[in-house]
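Colleague: Before I ask anything, let me first share the structure, which is written out below as structure tokens.
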Amino acid sequence: MINNKPIIGIPIGDPAGVGPEIVVKSLTEAEVYEKCNPILIGDAKVIKQAMGFCNVNLNINSIKKADEGKFTLGTIDLIDLNNIDIDELKIGKVQGIAGKAAFEYIKKSVEMAKEGELDAIATTPINKESLREGNVNYIGHTEILADLTDTEDPLTMFEVRGMRVFFLTRHVSLRKACDLVTKERVLDYIIRCSEALEKLGVKDGKMAVAGLNPHSGEHGLFGDEEMKAVVPAIEEAQKMGYKVEGPIGADSVFHLALKGRYNSVLSLYHDQGHIATKTLDFERTIAVTNGMPILRTSVDHGTAFDIAGTGQASSVSMVEAIVLAAKYSPKFKK
């Protein structure tokens, strides 16, 4: 390696989806090489096929170790696992060989990160059904990464245009999400989110907790979750020394965070935070997985089987995920 830029590992995702295409397109962008040293973990045959789909012509430098990389615009440094029979791969279809290969790309990336060869990983889309067809018994990236890194409960943060958003609840019904707004849970997440920010090197500013009800309940007029759970949790966290305030009405808290008043927002349910970030900039909303011994960023879209193989998939999110990994990796504390 001829520079001190962070080395970012990029597993290419489900080879039947758009992952290989968005990765190939991303590595035509000078910004990526200005910020980091990217290494793909995948299959050379799949990458060559993706270049054909995208009308991109890049050299492939197959390597065994990160320090063999050239890290030069115009050349892809690739850890070639050679685990796909390209004649059997059906682009845009659920299939076991693709799910199994996608898992192996992730596993190799994690191994390299744990050994110190990679400073972070930026992941591409995988497909739950393909994983199942390939006898990979996980429902997604986060669960795979948690198991491979012995992490009990990873914490997801979204970042877009400098605004950071955490989630008190995610994949539960709205009715269930309301039941999960308890003092104990809110306090626990304030602490965990604060620790996550510190690991990323974010030390200035304070966190805001979003309200659940209209106008944060208006002193119990529109619901009492704020009075019973959110306010007591915030007050206790403040006594413990955490920089946090709220509840702030969800109709204004994200605007205030975007303007710089808060370094992050703890949203109380899935769509509250997703709508705010993705309306601001859908393609540049990037997921950062916290709480693991390795740093991971990810695009927040799927395999897009309907357009796989057409070269139409946008690489904006992938570039953003790589650049964000490069931004945080020098500050990341294991």
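Going from the start of the chain as shown, residues are counted 1 onward.
Cβ coordinates come from backbone N, Cα and C, glycine included.
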Colleague: Which one of His141, His171 goes with His215, His270 at the divalent metal cation site, as Swiss-Prot has it?
Modeller: His171
Colleague: Most Cβ neighbours within 10 Å: which of the binding-site residues His270, Arg296 is it?
Modeller: Arg296
Colleague: If you count Cβ atoms within 10 Å of each one, which of the binding-site residues His141, His171, Lys278 comes out on top?
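Modeller: Output for this query is His141.
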Colleague: Once the DSSP letters are reduced so that anything not helix or strand counts as coil, what is Thr142 (substrate binding site)?
Modeller: helix
Colleague: Compute the C-alpha separation of Lys278 (substrate binding site) from His171 (divalent metal cation binding site), stating it in Å without decimals.
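Modeller: With the alpha carbons as reference points, the distance is 17 Å.
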Colleague: Under 8 Å between C-beta atoms and at least six apart in sequence, can you list the same-chain neighbours of Thr142 (substrate binding site), or say none if there are none?
Modeller: Pro154, Thr156, Thr289
